[in-house]
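Single-structure report; data block below.
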Amino acid sequence: MPEDELEDLPGVGPATSDKLVDAGFESYQAIAVASPAEMSNTADVGESTASDIINAARDAADVGGFETGAAVLQRREEIGKLSWKIPEVDELLGGGIETQSITEVYGEFGAGKSQVTHQMAVNVQLPPEHGGLGGAAIFVDSEDTFRPERIDDMLRGLDDEIITDLLERREIEGTPGDDETMKALLDSFLDHIHVAKAFNSNHQILLAEKAKELARDNQDSGFPVRLLCVDSLTAHFRAEYVGRGSLAERQQKLNKHLHDLMRIGDLYNTAVLVTNQVASNPDSYFGDPTQPIGGNILGHTSTFRMYLRKSKNDKRIVRLVDAPNLADGEAVMRVKDAGLKPE
């Protein structure tokens, strides 16, 4: 939205309009979903003024009111589904990972959480007819897990039919079996994966703001951002806030971070995929003692919760633990050199 239209809001003159744009509030919708405290801190306006601006933007953008269930259903038709390319898992998820939602994948070390994020960074770039969303990925890396070589493995692991179609769409000459051709295709895929390493929790929160800017800048491009991965969501928070005395502060920061991620998903029709670490509950005498980190804050904010569990050799059990519209259940996949594959 052009800057001069922001000046139609009460209390917004040329100077305030510039401040709002510099802080990332470039549209009525972006303003409407902000909080007065957030706008006051980032755009350097008074909290009372921020409240008036936000309320006016909500009226102008028709955000924040009631709507019928039929209208919600119609709006949900715009939501995309990112396929795992594993029929059993896709069926479990009702088609794949949803845009405008947070999907949490948790599990112990070596369960395959980072494998999922890498595979989705490949799959999201596939056209819809092949289960993708035809978009780019953002990868916030807090554990130094991103490996371009793994993207190469997974790209080469696609069916030749899909690779041939990708070569044609991206105007790359050659065949799926040619190394130079596949290297050119890999370079093309890596160009649409935006990676940033998070050095601590504050930096990770800042990267969420940068991800929002990146999604905004690319929303009208040939590859809009359709996937935001955070691997892992909780590693820095867990390391920096130790003991019960710091628990409240940790949860407050984590809550804000999650809502920042959720806002990106809502504003730019992006799927948000986060991985989470686990801990063992010593008080559990029956069943699996493995519990995800993050407490109720993360449990309530994640739209879909998935538990990855090791099985024999390369087999992994994928369990859907929580979803608003789907029954709990399990599926099986294998972690191969060529990527995530069906049983």
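Backbone N, Cα and C define each Cβ position, glycine as well.
From a predicted model like this one, the values you see are computed outputs, not experimental measurements.
Per Swiss-Prot, the features are as follows:
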type	residues	note
BINDING	Gly107, Glu108, Phe109, Gly110, Ala111, Gly112, Lys113, Ser114	ATP binding site
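All features noted in Swiss-Prot, drawn onto the structure.
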residue : record           : Cβ within 10 Å
Gly107  : ATP binding site : 24
Glu108  : ATP binding site : 15
Phe109  : ATP binding site : 8
Gly110  : ATP binding site : 12
Ala111  : ATP binding site : 23
Gly112  : ATP binding site : 22
Lys113  : ATP binding site : 25
Ser114  : ATP binding site : 20
Three-class DSSP secondary structure - Ala111 (ATP binding site):
coil
Other than Gly107, Glu108, Phe109, Gly110, Ala111, Gly112, Lys113, Ser114, which residues of the chain come within 8 Å of the ATP site, judged by Cβ distance to the Cβ centroid of those residues?
Gln115, Leu308, Lys310
